[in-house]
Amino acid sequence: MNPQGGQYLNKAAVFSSLGAARLSQLALGCSVVAMVSHSAGYSGGSYGVFCMAVWCACFGMTTVVFFLDATRLHACLPVSWDNLTVAFAALATLMYVTASVVYPVYFVRAECPYAGCEVRNFRIAVTVCSIAGSLAYGAEVILSRAKPGRVVGYMATVSGLLKVVQGFVACIIFGALANGTEYSRHVATIYCVVVYAVCFAMTTVVVILTVSGRTGCLKLPFDRFVVVYTLLAVLLYLSASVVWPVFCFDRKYGSPERPSSCPRGRCPWDSKVVVAVFSFVNLALYVADLVYSQRIRFVTQQPRV
């Protein structure tokens with residue numbers, strides 16, 4: 001029997017700040033997909049396909065989240081709903097920001113293309129809506145994040161949100177590694193790739209356990225598991241952040257300067273720089289995560305059945 005007296009629809013899914021943020025996400029996402037499909041276009045390489053995939057995936061997932069929240073059907077799922085939604089909102093924010101940068105760089109030009117100014121104007125509108133969508137998803141993260149005196153899921157804490165960012169940065173590193181970094185030439189750089197893969201896998205495990213509400217299944221207390229793993233990740237990333245630049249840019253093993261004959265967009269040296277930079281970025285994120293993990297009071301959540 002419904003304790004709400006027969007009110008199966010959740011009015012807060014619409015008439016609340018969080019509901020307004022999700023409705024904005026739906027409206028902006030639908031607008032972006034429609035304009036790109038209608039006239040703006042996304043052909044011209046993998047970058048356009050990536051942007052379109054981001055917008056479609058986020059729009060589809062937001063539709064599912066809104067529907068389940070409005071109908072209260074999320075209570076039937078064996079997941080921690082609050083952790084799932086804030087993790088998705090954080091990831092969608094990062095994906096939207098990336099698409100909002102990539103799309104105008106490769107598709108927007110000051111002059112009108114051969115197809116006329118209409119195409120250019122549509123592409124500018126897509127960029128604006130995509131930036132607004134980033135703000136809408138960011139607003140959901142801000143509304144859902146942990147506040148003093150408020151009990152929330154782990155993913156709504158600073159440490160939980162950092163896990164999402166760490167995984168996203170690792171994906172950037174993997175993308176750069178796949179773009180001809182020649183990491184297999186040295187055992188040391190292979191070690192760095194193993195470090196990136198292991199840390200990414202463990203971060204993914206932490207997020208999955210939290211979202212599925214299975215943190216209580218660990219024999220080790222979850223808070224201790226997170227701290228121990230984060231400390232290990234800091235040490236591993238510290239070593240990789242030192243080893244990778246040495247074996248890629250030292251004259252004995254690589255080249256400290258970009259080769260003049262290297263093609264733009266497909267230069268292994270550029271990819272090595274990306275890996276080096278984002279290795280330090282993730283190192284900083286893991287250090288911040290370790291600091292914040294000491295200040296969190298963990299609440300173990302079991303999935304609803």
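A Cβ is built for glycine as well, from the same backbone N, Cα and C atoms used for every other residue.
Positions annotated as transmembrane segment by TrEMBL: 12-35 (among others).
Note: the domain 'MARVEL' (13-149) comprises 110 helix, 0 strand, 27 coil (DSSP; helix = H, G, I, strand = E, B). The annotation domain 'MARVEL' is assigned in TrEMBL to 13-149 (among others).
Same-chain residues lying 6 or more positions outside the transmembrane segment (47-68) and placing a CB less than 8 Å from one of its CB atoms are 13, 22-23, 25-26, 29-30, 32-33, 36, 41, 74, 77, 85, 88, 92, 95-96, 98-99, 102-103, 106-107, 130, 133, 137. What TrEMBL records for 47-68 (among others) is transmembrane segment.
Annotated transmembrane segment per TrEMBL: 80-102 (among others), in sequence order. Proximity of distant same-chain residues to the transmembrane segment (80-102), defined by a Cβ-Cβ separation under 8 Å and at least 6 residues beyond the stretch ends, is recorded for 25, 47, 50-51, 54-55, 57-58, 61-62, 65, 69, 74, 127, 130-131, 133-134, 137-138, 140-141, 144-145, 152-156, 160-161, 164-165, 167-168, 207, 210-213, 301, 303.
Remote same-chain residues near the transmembrane segment (122-139) are listed as 17, 21-22, 24-25, 28-29, 31-32, 35-36, 38-41, 51, 55, 58, 89-90, 92-93, 96-97, 99-100, 103-104, 107-108 (criterion: CB distance under 8 Å, separation of at least six residues from the stretch ends). Residues or ranges marked as transmembrane segment by TrEMBL: 122-139 (among others).
Residues or ranges marked as transmembrane segment in TrEMBL: 151-176 (among others).
Per TrEMBL, the feature domain 'MARVEL' maps to 154-298 (among others).
Marked as transmembrane segment by TrEMBL: 188-213 (among others).
According to TrEMBL, the transmembrane segment annotation covers 225-247 (among others).
When Cβ-Cβ distances below 8 Å are used as the criterion, the transmembrane segment (273-292) is approached by residues 157-159, 162-163, 165-166, 169-170, 172-173, 176-177, 181, 192, 196, 199, 227, 230-231, 233-234, 237-238, 240-241, 244-245, 248-249 of the same chain, each at least six residues removed from its ends. Residues or ranges marked as transmembrane segment in TrEMBL: 273-292 (among others).
With helix defined as DSSP H, G or I and strand as E or B, the domain 'MARVEL' (154-298) counts 108 helix, 0 strand, 37 coil.
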